[in-house]
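Peer 1: Just lifted these from TrEMBL, have a look:
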| type | residues | note |
| --- | --- | --- |
| ACT_SITE | ASP420 | active site, 4-aspartylphosphate intermediate |
| BINDING | ASP420, THR422, ASP920, ASP924 | Mg(2+) binding site |
| BINDING | ASP420, LYS421, THR422, GLU599, PHE641, LYS665, ARG709, THR789, GLY790, ASP791, ARG894, LYS900, ASN923, ASP924 | ATP binding site |
| DOMAIN | 56-113 | domain 'P-type ATPase N-terminal' |
| DOMAIN | 946-1178 | domain 'P-type ATPase C-terminal' |
| TRANSMEM | 90-107 | transmembrane segment |
| TRANSMEM | 113-131 | transmembrane segment |
| TRANSMEM | 304-325 | transmembrane segment |
| TRANSMEM | 350-372 | transmembrane segment |
| TRANSMEM | 995-1019 | transmembrane segment |
| TRANSMEM | 1060-1081 | transmembrane segment |
| TRANSMEM | 1087-1110 | transmembrane segment |
| TRANSMEM | 1117-1138 | transmembrane segment |
| TRANSMEM | 1158-1176 | transmembrane segment |
Amino acid sequence: MQCSDSIPSAQTGVDVMTWTNPLTLLRHGWTRHWNPDRPVRTVVSNLPFEDLKKREQPNRRYEGNAIRTNKYRLWSFIPMNLFEQFHRMANIYFVGLAILNFVPVVNAFQPEVALIPICIILALTAVKDGWEDFRRYQTDQQLNNTPCFIFSRWKDVRVGDFVRVLSNEIIPADILLLHTSDPNGVCHMETANLDGETSLKQRKVVPGFSSLGEPFQPQTFDSTVVCENPNNNLNLFKGYVERPDKRRTGFGIDSLLLRGCMVRNTDDAAGIVVYAGHETKSMLNNSGPRYKRSKIERKMNTDVLFCVVLLFFMCLIGALGHAIWLETFSSMPSYIVPDSNGNYTPSVLAGFYMFFTMIILLQVMIPVSLYVSIELVKMGQIFFITQDVELYDEELDRRVQCRALNITEDLGQIQYVFSDKTGTLTENKMVFRRCSVMGTEYCHEENGLSLITVRPHRRQKSRQHSSHSYQKMLISETVVVPDRKLMLEVDRQMASIQTGPYLDFFLALAICNTVLVSSVTAQRQRCGLGKVFTSMKFFKRGGETLADPFSIDEDESDGFHSSDVSDAAGQKVISSERKVKSSLSGSEEVCYEAHSPDEAALIHAAKAYGFTMMERTPHYVTVKLPDEALLKFEVLDILTFDSTRRRMSIIVRHPHTKEIIMYTKGADSAIMERLGNVFSDMSQVNSEAKQTAVKTQRDLDMYARNGLRTLCFAKKVISEQEFRAWSAVRQEALSAIEEKEERLMETANFIESSFTLLGATGIEDRLQESVPETIQALRRAGMQVWVLTGDKPETAINIAYSCKLLEHEDLVFTFSTNRKVLQCQLTNASVPEQSLICVSQPASSGKLAFTGPLMEPSIGLVIDGPTLSMAMSDELVEQFVELCKHCRAVLCCRVTPLQKSAVVKLIRQKLRVMTLAVGDGANDVNMIQAADVGIGVSGQEGMQAVMASDFAITRFKHLQRLLLVHGHWCYSRLANMVIYFFYKNVAYVNLLFWYQFFCGFSATAMIDYWLMIFFNLFFTSAPPIMFGIMEKEVSDSTLLSLPELYKRGQHSEGYRRSTFWIAILDAFYQSLVCFFIPYWTYNGSDIGIFAFGTPMNTVSLFTIILHLAIEIKSWTAVHWVIMIGSVLVYFIVTLAYSAICISCNPPSDPYWIMHKQMADPMFYLVCILTTVVALLPR
């Protein structure tokens, strides 16, 4: 009855089905979509409705779990692929001309022959697209047919089904967690397949649905799940479970198992499917590769239009010439054929027809194979970039990744570089260096000296490295040498009162975090899926028993675990430097899984002083004290960190005093402003709290000046009555669907107030290797380098000086948040003439200092987040941009991820410059995607930045070679190749144009049309492709030693409008030479039309090939083979064609013409003389 009561609820929650446009349906199949205006979906169990027909089931309209990432089906491949290819105007142009050639009054060649070039181009592209799509299809089939509990295949899973996932098994759909084998109701999940992060994420069962020690019984589930509609936010999920008695229990992202992730450290987990297939969060985030148009491609499209205009005028000349030529006859000559009625076409109408005939004849003016050649060249360029051994990281065994296939040349045109700081310029390997407790500062200088990194020197050595050595490396990076004075103070409080601010400080370090604890024996063990599935009993729809999917025999379970462990030899050390094994008392060992290096450094600092976190569950956290006693805190609530509050809190009940205590950590500004009335109450001027706050702030400023990352720690004791009232409001906010985030933010801000300050920490994040040298090289190359960071100004400025972003002789402007002062500073500083006497406001002081250099100084700008928001407002943005143009370096501090992307977009759009953004964390994704070129650094903060980037590197120093060497090469190669393509086609087609002046503009060709097709498709196609892939006009060592050479790409010197027109004029000159020297040679002779055209065709080939040979700066064996091979292929094909073609092009035929020409010495003299004269200007 309870289940039947929930049916109306499910049916009333069903949304109205809408249909998308036919093209989308064609792409994705006839998929039903939900009305996006309805914010929630309602899910009930499928088990009570198994006997109903599919169209009568309550969850029938939700998407199935089968996915399809391939674009085509067998029946739709040809029409869809052609539709996509016809997005290129050049393809439409050539197909239109081929169709036009079927019109009898305007055709220039055999209609079928005219279709060959464009059909070959379309076929090659279709084969490439089809192969790529077939590989995606194979991947989809492999994934869809992966076995899982409940059903025999992933593709059969539906919304409302109950699914059980075992340890080390991939999660098949987005599942609301209702049961786990863990007694604390938690499940650990690895999201490396989704976001690249190897640290474990903890998920917990929806409150009230976990029965300790009892198997999950899905048939007893009689509640209704109400959640938000599918979206791609991996960090947000909200909804509630409504029981039959209308009681609601809220849940969030911490109860959702995500498709594609893997269950770790948990024997099994079970839940109900809420999103399946393409509606899962992982699939909604899988948008495929982003398409970016390069700068050269945009210019090239304009030049194609110029060629169209040029073609139009040439055809117009031909049309007018033909009409005038016909008017010169008093009576029509016999070789002009009348129509079927015996009438002759009027000269004006004949000229009009001839216009279209000339378009067909001279169509090669537009390079049809250029686009395909560019794709091949870029694939070759990417291959050589990824194979560069100088960009290979031996320590991580990674090479550079090229994720965007169509913007390689943009690497050579970058003008502005926007970089994150932490993890990009720095190592993101944190070392606990200093701390301040209750206003007393304690230095830990020994920690920096003890940092040891063991790096294998070769890949083979890396693979064979023993787990013991690797553990030694991991431990060495988190070793904290305690300060003697601080240790004595801790021991004193432990021996006397066993309470106090020092103990609270280290308890806050130990428990106010998201670090997970597990024993070494529970670490992630990998095993083959085949072995897992052999121990499974699959449950098919319509089966007799419901209990099978959620229970395994004891023997099978044991067998599974034994194979799991035995298969994991060599995997006992977790492959992440954040997961550090810590030795505890006796033989017990634990493994810390930290989401960030900061948390790992802090928890190991607490451990160094004897405060060791032993266990963490959703409800309890256990800490071992220096005297070996265990404190088991009850966790009442956790207020997670967010970029708005910039702090994190944990609310616990003390096991001895039973007090409710909130420990909080966060940025200094986020804590100091919430210390109650310590600063505002004048009666507390000399109070201990005020003195502690002042001293701590002084220590924080000192840490920041030394380049350390700072955090403040505080506590608050909450009364029972206050907590109960607050908790009720908090639970209402957790159960909300509408404005849930805003309500949760309000509850957090309400309770996080009136703190008692405990102390602060300073953590060192060291610069990566060769960062100063890389920034200097980028500067010498003409690039402006900006650093956008969330750190406080003092820390960021110190790092900026260390990495040579700022020099000590630079004039540095530091802007505060005063609107009037900012307006005045921007107005004065934006005028270059006023830079002779400039005002500098150092970051460490509020006073103004004056300098008066006699020459224009190097200006640096430091601006914080709030000031940046004002500077980018409508009334100040123009002045801000003008000032930035004159700054040698800009440092933006305390900026949010959205501000980072806004800055990149502002500079890119206002200054119209090529931008590059480089970062390593999820907070850099927006910035990376906003830039023309996005670079991801695969570092310590997961792989989100890499997955959103166009190129991925492992070290910031690799940026120097990637841009200065490969960027320069890719740009110059592609620019020269595109110009050469335009030159080649114009030079060749003009031979036909010049002949029209001697044949009455009748659109007659003196070269066989088959040879004209072969000329561009085969004879002259390989050399420019080879040129675009392998040309090195300057060696890599020269480019690295002279970064100034990079400016050629920034100024577009390789591909300017003038360069294009010079190439066109060169093509006209060479075509004149290649036409008129043979013409004058054979003038007055009785040779046939093809015998006259063969020397021109041969001379044109020699001229075009040797023209490219002059352009090549670095010759290799590949160059010689392709250049000579192209000439040999020409002669072989032409000789064979003229030997077998008797009536290929009636009424004329090229039979034996090439053989006769090669037997005539005049042919060789014409070829040599013409080629020399044509290439003389070069």
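Every residue, even glycine, has its Cβ placed from backbone N, Cα and C.
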Peer 1: Of these recorded positions, ASP420, ASP920, which scores lowest on Cβ atoms within 10 Å?
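Peer 2: It is ASP420 that, of the recorded positions ASP420, ASP920, has the fewest other Cβ atoms within 10 Å.
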Peer 1: Taking the Cβ of ARG709 (ATP binding site) as the centre, count every other Cβ atom within 10 Å, in any protein chain shown.
Peer 2: 23
Peer 1: If one looks at the chain holding ARG894 (ATP binding site), which residues at least 6 apart in sequence have a CB under 8 angstroms from its CB?
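Peer 2: Long-range Cβ contacts: GLY790, ASP791, LYS792, PRO793, ASP864, GLY865, PRO866.
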Peer 1: Across the domain 'P-type ATPase C-terminal' (946-1178), what does the mean pLDDT come to, as a whole number?
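Peer 2: Overall, the domain 'P-type ATPase C-terminal' (946-1178) comes to a mean pLDDT of 91.
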Peer 1: For the transmembrane segment (113-131), find every same-chain residue at least 6 residues outside the stretch whose CB is under 8 Å from a CB in it, and list them.
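Peer 2: Tertiary neighbours of the transmembrane segment (113-131) are 72, 77-78, 81-82, 84-85, 91, 94-95, 97-98, 101, 107, 360, 368-369, 372, 375, 1009-1010, 1013, 1016-1017.
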Peer 1: Measuring CA to CA, name the entry from the recorded positions ASP420, THR422, ASP920, ASP924 that ends up nearest ARG709 (ATP binding site).
Peer 2: THR422
Peer 1: For ASN923 (ATP binding site) and the residue listed as 'active site, 4-aspartylphosphate intermediate', what Cα-Cα distance in Å is obtained after rounding to a whole number?
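Peer 2: The separation of the Cα atoms works out to 9 Å.
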Peer 1: Do you know the DSSP helix, strand and coil residue counts for the domain 'P-type ATPase N-terminal' (56-113)?
Peer 2: 25 helix, 0 strand, 33 coil
Peer 1: For THR422 (Mg(2+) binding site), write down the residues of its own chain that are at least 6 apart in sequence and whose Cβ falls under 8 Å from its Cβ; none is a fine answer.
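Peer 2: Same-chain residues close to THR422 (Mg(2+) binding site) (Cβ under 8 Å, separated by 6 or more) are ASN428, ARG709, ASP765, THR789, GLY790, ASP791, ASP920, GLY921.
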Peer 1: For each of the binding-site residues (PHE641, GLY790, ASN923, ASP924), count the other CB atoms lying within 10 A of its CB, then report the residue with the highest count.
Peer 2: ASP924
Peer 1: At its widest, how many Å does the recorded ATP site span between Cα atoms of ASP420, LYS421, THR422, GLU599, PHE641, LYS665, ARG709, THR789, GLY790, ASP791, ARG894, LYS900, ASN923, ASP924?
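Peer 2: This binding site's residues have a maximal Cα-Cα distance of 25 Å.
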Peer 1: Hey, how far is ASP420 (active site, 4-aspartylphosphate intermediate) from ASP924 (Mg(2+) binding site), Cα to Cα, in Å?
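Peer 2: Taking the Cα atoms only, ASP420 (active site, 4-aspartylphosphate intermediate) lies 7 Å from ASP924 (Mg(2+) binding site).
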Peer 1: Whole-number answer please: how many Å between the C-alpha atoms of ASP924 (Mg(2+) binding site) and PHE641 (ATP binding site)?
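Peer 2: It is 17 Å, counting Cα to Cα.
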